[in-house]
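Input: a single structure, listed below in structure tokens.
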């Protein structure tokens, strides 16, 4: 009798890309590296969580149009897209720690320049410079995190990373309620956060991963080998930034009071912070590709239910909490899966593409969702995010079925 499910069959198989091999790091080095990267990323989250609204407020005060504010705010993302795939090449020539420090220096120079020169034209250049430094820190930190994490806790580390970044981005705007926004003071505080990001990196310099970057490490082959991961992270970027930019406006246009509309985003961000560690733990215990599709399904359901429950307070807040957390979970689960499937130089190259895909989605999200809202009304926001999540699910399920069909059957 023919066996439909031979021994070792996985409904969501992981094609072999790279074994979860040894990185040459001792247990002590792994712990030190993880502590350093997580602490540095929290400081980085505070840096950008404070600077993004600060710069927008200063440009608004100077009479800059919203279009120009949006374009100026996109410069770090544009720099990251252009620079992310060059980061492994730079690391190959300078090393992990020197490259990280060079990126941090660029960020400091950029913010010093913005404090010194209150010029829109200069800020375009300086924010691009900050984006170059941000790209280096982002790619190397995530590569280091995945290299230092053990296979059994990689999802948890990715969840803690996402939660700490969420705390940083949430804490940044709160800083502006106690800081004067004029003069050098807010910029010096931001530069202080950047300096704090450098301290744990220097403390753990001896625990930096040894990345084999003697070649280009199959820079673009990762897209072919793991397309579901890269599609997930593109959709994550699109939905995340559409939510951050437009969820309060969506609430206002549906007739909510301003306080309630702003609270929509606060509750969604709270879900992002609280649910990432549990999702990461789950990613360590179940098939990550299946979990990606489940997270996408919950995200799609949440988007479609949002217009139906918006007027019902007792349903609105729990839905937003769960929806915000699960949509952000696309990033957490995809990052953990990336680390499980690539290693060394291949991981650095794949992580660069990972960051680039997220930033491309982030650039598109607010403009596409905003245009949809202008065209069809406030539910254009729901239409945009549900379409993106639906396409991810359709392609992800189709690829899973295709991969399962390629698995050889056991002999009769």
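Note that Cβ sites are derived from N, Cα and C of the backbone, with glycine treated the same way.
No curator has checked TrEMBL annotations; they are predicted automatically.
Note that this is a predicted model, so its numbers are computed, not measured.
Listed in TrEMBL:
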type	residues	note
DOMAIN	33-408	domain 'Major facilitator superfamily (MFS) profile'
TRANSMEM	34-58	transmembrane segment
TRANSMEM	64-82	transmembrane segment
TRANSMEM	94-116	transmembrane segment
TRANSMEM	122-140	transmembrane segment
TRANSMEM	160-181	transmembrane segment
TRANSMEM	187-208	transmembrane segment
TRANSMEM	229-250	transmembrane segment
TRANSMEM	262-283	transmembrane segment
TRANSMEM	290-311	transmembrane segment
TRANSMEM	317-336	transmembrane segment
TRANSMEM	348-369	transmembrane segment
TRANSMEM	381-402	transmembrane segment
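Taken as a whole, the domain 'Major facilitator superfamily (MFS) profile' (33-408) shows an average pLDDT of 89 in this prediction. Proximity of the transmembrane segment (64-82) to the transmembrane segment (94-116) is not established, fewer than 3 Cβ-Cβ distances being under 8 Å for residue pairs spaced 6 or more apart. Long-range contacts of the transmembrane segment (34-58) within the same chain, counting only residues at least 6 positions beyond its ends with a Cβ under 8 Å from a Cβ of the stretch, are 69, 72-73, 76, 107, 111, 114, 118, 123, 127, 134, 137-138, 141, 144-145, 148-149, 157, 160-161, 164-173, 175-176, 181, 186, 189-190, 193-194, 196-201, 203-204, 207. Counting residues 6+ beyond its ends, the transmembrane segment (348-369) has Cβ neighbours under 8 Å at 70, 74, 77-78, 80-81, 84-88, 91, 135, 138-140, 142-143, 146, 211, 213, 216-220, 222-223, 226, 229-230, 233-242, 245-246, 331, 334-335, 338, 341-342, 380-381, 384-385 in the same chain. Across the candidate stretches 94-116, 122-140, 160-181, 229-250, the maximum count of CB pairs under 8 A to the transmembrane segment (317-336) is reached by 229-250. Long-range neighbours of the transmembrane segment (187-208) within the same chain, counting only residues 6 or more positions beyond its ends whose Cβ lies under 8 Å from a Cβ of the stretch, are 25, 28-30, 32-33, 35-37, 39-41, 43-44, 46-47, 50-51, 54, 96-97, 100-101, 104, 107-108, 111-112, 114-115, 137, 144, 148, 175, 179.
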